[in-house]
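**Student:** The annotation ATP binding site is assigned in Swiss-Prot to His16, Asp165, Ala166, Lys167, Arg231, Phe232, Asp240, Arg246, Lys247, Ala263, Lys267 on the grounds of sequence analysis. Here Swiss-Prot flags Asp18 as Mg(2+) binding site, drawing on sequence analysis. Look at Swiss-Prot and you will find Glu44 tagged as K(+) binding site, backed by sequence analysis. Annotated L-methionine binding site per Swiss-Prot: Glu57, Gln100, Asp240, Lys271, in sequence order, evidence recorded as sequence analysis. Annotation source Swiss-Prot lists region 'Flexible loop' at 100-110.
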Amino acid sequence: MAIKHLFTSESVSEGHPDKIADQISDAVLDAIFEQDPKARVACETYVKTGMVMVGGEITTSAWVDIEEITRQTVREIGYVHSDMGFDANSCAVLNTIGKQSPDINQGVDKADPKEQGAGDQGIMFGYATNETEVLMPAPITYAHRLMQRQAEVRKNGTLPWLRPDAKSQVTFQYDQGKIVGIDAVVLSTQHSDSISTADLREAVMEEIIKPVLPAEWLSKETKYFINPTGRFVIGGPMGDCGLTGRKIIVDTYGGAARHGGGAFSGKDPSKVDRSAAYAARYVAKNIVAAGMADRCEIQLSYAIGVADPTSIMVETFGTEKVSQEIIIEAVRQFFDLRPYGLQEMLNLLQPIYKKTAAYGHFGREEFPWEATDKAALLRDFAGLK
């Protein structure tokens, strides 16, 4: 690893057009799962000025009101008036949902549920590092926290002129792999026409940036770029169209780990793009929590209709405290990475997905794949004290 280097990650707010789409897709999934946890769902959403189109393939015994789910999701995000460029109450909602292909279904559903095949081929990665308390890379962790704070002060009235669309980016300085400071912070937020650029920049610094970023990492050399274009009134779906699955690096590790390319939102857990990526994070996090390595990346791969992974790779970047052979054997013994096994292991057949669709799928303790309940087992297995 370079002795000194910079690393940057970005996040986007719940009001970013792509995140609106992700949240609608996952809200549909959750609504269906409340009635039918065995449903097959692949829900895609497109948003643009004045309209939302929801499509995809869904096979279920449930009935859900797609239009009302869509409007309620947009409402909760905060687009409730045409002044913002998008209004949950008046936008058009188009529904183009069909059923899952029986050709796919025959490869997934088996007489013995434990032999459930993967819903598609693909590669998935999971990652963990001990540089933060949530075992996530610091740049993406703090980029998300800035966006969560933006939503908080927007919704609680502290900064009532804020609007839902926003982005953040944080550049960390590292020395021999350890954080030594924050080099740069970028935060752009949509706002009403009533606020001056100078007042906005001061308020964002005092109410969003300073409460979130640890003071010991900030210095006179830290650079701040707050609404660097000077004006951000037109935003949300009026500024850009949004699509489900277009923020896959924001959703995962901010570029600090590899990505298999598959998006998460709108997909039920039979889609290994989602469920196996969650399982890979769970494995990597437990390895790091057990003290077996400081950093760990897991790769899984699958073939459509086949239960067992076609490959499992463990990479610890030279930070392992026990041999690679012990780590690999521990993964084999303590983690069932077949589609049915990982659904059961992580209790994935429940309506928990809308919450994942903004501010990252990882590093948030409320999700089952963030548990470190196998760490003690792994420690004992590896002979670590």
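From the backbone N, Cα and C atoms, a Cβ is placed for every residue, glycine too.
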**Student:** To the nearest whole angstrom, state the Cα distance for the pair Lys267 (ATP binding site) and the residue listed as 'K(+) binding site'.
**Tutor:** 9
**Student:** List the residues of the same chain that sit at least 6 positions away from Arg231 (ATP binding site) in sequence and have their Cβ under 8 Å from its Cβ, in sequence order, or write 'none'.
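**Tutor:** Arg231 (ATP binding site) has long-range Cβ partners Thr197.
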**Student:** Which of Glu44, Glu57, Asp240 (the binding-site residues) has the most other Cβ atoms within 10 Å?
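**Tutor:** Buried the deepest by this measure is Glu44.
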**Student:** Pop the Cα-Cα gap between Lys271 (L-methionine binding site) and Asp240 (ATP binding site) into the table, whole Å please.
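**Tutor:** If we compare the Cα positions of Asp240 (ATP binding site) and Lys271 (L-methionine binding site), the gap is 28 Å.
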**Student:** Which one is it, among the binding-site residues Asp18, Glu44, Glu57, Lys271, that lies nearest to Ala166 (ATP binding site) by Cα separation?
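**Tutor:** Smallest Cα separation from Ala166 (ATP binding site) among Asp18, Glu44, Glu57, Lys271: Asp18.
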**Student:** Determine the Cβ neighbour count for Lys267 (ATP binding site): the number of other Cβ atoms within 10 Å of its Cβ.
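**Tutor:** Its Cβ has 27 other Cβ atoms within 10 Å.
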**Student:** If you draw a 10 Å sphere on the Cβ of Ala166 (ATP binding site), how many other Cβ atoms land inside?
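**Tutor:** A 10 Å sphere around the Cβ of Ala166 (ATP binding site) contains 27 other Cβ atoms.
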**Student:** Specify the secondary structure state of the residue listed as 'Mg(2+) binding site' as given by DSSP, simplified to three classes.
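**Tutor:** In three-state terms, the residue listed as 'Mg(2+) binding site' counts as helix.
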**Student:** Let me know how many other Cβ atoms fall within 10 Å of the Cβ of His16 (ATP binding site).
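**Tutor:** Cβ-Cβ neighbours of His16 (ATP binding site) within 10 Å number 28.
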**Student:** For Lys247 (ATP binding site), which of these binding-site residues sit within 10 Å, Cα to Cα: Asp18, Glu44, Glu57, Lys271?
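**Tutor:** Asp18, listed in sequence order.
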**Student:** Cα-Cα separation of Asp18 (Mg(2+) binding site) and Glu57 (L-methionine binding site), in Å?
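**Tutor:** Here the two Cα atoms are 20 Å apart.
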**Student:** Using the alpha carbons only, what distance in Å do you get between Glu57 (L-methionine binding site) and the residue listed as 'K(+) binding site' once rounded?
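**Tutor:** Counting only the Cα atoms, the answer is 9 Å.
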